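Asker: Quick one: the structure is below, and I'll ask about it shortly.
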């Protein structure tokens with residue numbers, strides 16, 4: 001049997017956990033801002049990746065004009081926004097959201113890296129946690145690179161970014177969020193003298209199924225498939241049906257099953273909306289298992305996935321209204337955190 005952690009180790013573990021929860025909250029926030037950036041078509045408004053020099057926005061009229069001139073070379077401007085009459089004033093709006101998204105990413109990097117260095121130098125990181133914290137730092141760096149890789153696809157090849165790259169960008173963010181929450185919860189357990197949790201059983205299944213649902217949600221977003229079912233408030237032909245049918249008529253299988261499963265707007269939307277119920281069924285089981293040992297976690301999980309289902313329906317009925325769709329993405333991130341918490345509780349060694 002391992003020795004009980006010392007009071008100083010317990011205090012250090014709790015301090016680290018609080019720091020990681022702050023970073024996790026910031027990741028949830030950047031996922032929401034990323035949703036705004038996507039829905040306002042702002043992602044390719046900044047055509048260069050300058051990790052340091054790009055921290056400040058343009059100040060002078062000449063700087064703004066230079067940024068606008070660079071954007072005018074993109075397919076998005078030449079084929080969509082240019083013919084629509086985009087002005088410099090309109091460009092400033094989409095620039096703002098992409099700049100905020102990148103600034104928040106830089107801030108998260110600083111908020112993670114600086115305290116990590118301090119805890120490391122002060123030898124306040126408990127045994128066994130250094131590799132995990134370094135891995136989380138590496139995931140953050142990877143996310144920055146994936147973000148630029150995604151944006152580049154909309155600058156060079158198309159009027160919008162690749163839906164595969166968008167899905168990769170979102171999943172790396174949510175995987176990082178799950179890692180932050182799980183590690184923080186392990187540290188909270190250490191501060192109480194308890195063992196680390198194990199990801200297993202129904203908790204592992206729930207997270208795996210949720211990952212697939214989030215992947216298809218990202219494909220729906222990247223393909224602009226949210227409106228493929230139709231729209232209109234309380235229009236049953238748009239939900240639960242799709243354009244009046246249970247199964248959409250427009251699925252194109254001609255280019256092969258793999259292409260249809262990953263790139264057909266009707267089929268991707270269909271899978272996303274119905275796989276959600278399989279995920280809900282598993283989450284109900286998880287919540288019921290938690291009810292006796294942690295009623296609070298059970299209520300939180302029920303509340304979050306219930307809200308997420310309603311927001312998904314409202315997103316369709318509203319024709320993908322900006323703030324409803326952003327809330328859908330925001331609550332999706334909260335669902336990752338809530339499911340991670342639930343899986344951690346189920347995997348606790350007693």
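Easy rule for this one: first residue shown is 1, then count along the chain.
Cβ atoms here come from the backbone N, Cα and C positions, even for glycine.
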Asker: Ranges 54-74, 201-221: which does Swiss-Prot label transmembrane segment?
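Answerer: Result: 201-221 is the stretch Swiss-Prot calls transmembrane segment.
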Asker: When you get a sec, could you say which of 299-321, 322-344 is annotated transmembrane segment by Swiss-Prot?
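Answerer: Going through 299-321, 322-344 one by one, Swiss-Prot flags 299-321 as transmembrane segment.
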Asker: May I ask which residues of the same chain, at least 6 positions away in sequence, place their Cβ under 8 angstroms from the Cβ of residue 272 (heme binding site)?
Answerer: 213, 216, 217, 219, 220, 225
Asker: Take the transmembrane segment (136-156) and find every residue of the same chain, 6 or more past its ends, with a Cβ under 8 Å from one of its Cβ atoms.
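Answerer: Same-chain residues near the transmembrane segment (136-156) but 6 or more away: 43-44, 46-47, 49, 51, 74-76, 102, 105, 108-109, 112-113, 116, 162, 165-166, 168-169, 172-173, 175-176, 179-180, 183.
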Asker: What residues in the same chain, six or more past the boundaries of the transmembrane segment (265-285), come closer than 8 Å to it by Cβ-Cβ distance?
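Answerer: For the transmembrane segment (265-285), the far contacts come to 202, 205-206, 209-210, 212-213, 216-217, 219-220, 223-226, 228-229, 239, 242, 247-251, 301-302, 305, 309, 312, 316, 339, 342.
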Asker: Count the CB pairs under 8 A between the transmembrane segment (170-190) and each of 16-36, 101-121, 299-321, then give me the winner.
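Answerer: Looking only at 16-36, 101-121, 299-321, the most contacts with the transmembrane segment (170-190) come from 16-36.
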